[in-house]
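Notes follow once the structure below has been shown.
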Ligand code: TRP
């Protein structure tokens, strides 16, 4: 397709909702509260919010600039712009996405399981024990297969449009259910403790733990905004030139962040009420926290099915965007048919995910390595490229923007502060991984 007749987003809201559909998923609802719990509560929230605004939003614009200017996917974009060597950044993103998808599917499998288990009330009596029973083993493997199969069918048939439509209806439904659960949490005995833990940082907590909080907050910000994988490059390749990238970016970041904050408000009051210490549940935080809340509500079975069912659709729409990047790469590069490419990718993702379905520690390891290493490294390369090598970034970001000072300020920020902060984050991530790796490997009980 020549650049003039390339398809474009029909409406501004259509693009924003599609990008929000990719961004809102397990990252907001499952991963965010789990990170808050592991990093000690409110101190993490503060650093995370600062990171989202100061780094996440400008970094989304970096992907938008590459995407709209090249009108290509992340692998072909650099060649099209005349910088072939940078293709390596696109490849790294695709690889990271492939690994993320392998455990994302296992977590989405848990969600599938909980949708069914809500109907029978299986986890109501003992939310924490139930999670530990089903999180790893044959059951988890089976639901991983099921979810990956479902994703593959949708991507293989090329029918993601239908899902995107469903997401537009379900995001509001999800928000409504979350509001309900938040209001319920407010009435619980543990509410005050829960809010204090989540919202009020202890003095000195950030300074004392910043070397682990910063890489965790950065990883969470990239993960939740679908950054570092070229998803936003691909979406932006369809935005027309009159539109302000800055305005669209702000909407996407704002909606995504609001949903994450709500997930925390929903979960922490419950954890304190049922006596589960935040962080102790690890990757189970969402299931234990919300499971406990739902169990206490009238009409709990229906609410449970609706809640986990909507989370499942949100997870599916994100999973599609993750899988699609690798599939379209195989189609474009090697001329494979869509069903064949999808079969190869889905099969590979399933196999790679098997260890994460058998042991929670492995899942947390995959998760940490991708979020804290692959994503920031890819974003670092993209920021370096746009800030220092690509001459036309300023021109691209200025389109449709009325505040004259803004594009220049953005570019300066990208070239200096963002590059330095992500650079420091990467060093801390690598240090942290080296320190914890031996312990983690020892704790793995696969064999
Ligand atoms: N952002 C999604 C979530 O929060 C997950 C996701 C979709 C993602 N595409 C991505 C994460 C690309 C990293 C990179 O659930």
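Glycine too: its Cβ is placed from the backbone N, Cα and C atoms.
Marked as transmembrane segment by TrEMBL: 12-30, 42-66, 86-110, 130-157, 169-192, 212-238, 250-274, 280-298, 305-331, 343-366, 373-390, 410-430.
Counting Cβ pairs closer than 8 Å and at least 6 residues apart in sequence, the transmembrane segment (86-110) and the transmembrane segment (42-66) reach fewer than three and form no contact. Away from its own ends, the transmembrane segment (410-430) comes close to residues 54-55, 58-59, 61-62, 211-212, 214-215, 218-219, 246, 372-373, 376-377, 379-380, 383-384, 386-388, 393-394, 397 of its chain (Cβ-Cβ under 8 Å, at least six residues beyond either end). When each of 212-238, 280-298, 305-331 is checked for Cβ pairs under 8 Å to the transmembrane segment (373-390), 212-238 comes out on top. The stretch in closest packing with the transmembrane segment (305-331), judged by the count of Cβ pairs under 8 Å and taken from 12-30, 212-238, 250-274, 280-298, 343-366, is 12-30.
Remark: the transmembrane segment (212-238) contacts the transmembrane segment (42-66), by the rule of 3 or more CB pairs under 8 A. By number of Cβ pairs under 8 Å, the transmembrane segment (343-366) is matched best by 280-298 from the list 12-30, 42-66, 169-192, 250-274, 280-298. Residues of the same chain lying 6 or more positions beyond the ends of the transmembrane segment (42-66) and with a Cβ under 8 Å from any Cβ of it are 35-36, 74, 77-78, 81, 196-202, 205-206, 209-210, 213-214, 216-218, 220-222, 225, 227, 230-233, 236, 239, 245-246, 248-250, 252-253, 257, 264, 379, 382-383, 385-386, 390, 393, 396-397, 410, 413-414, 417-418, 421-422.
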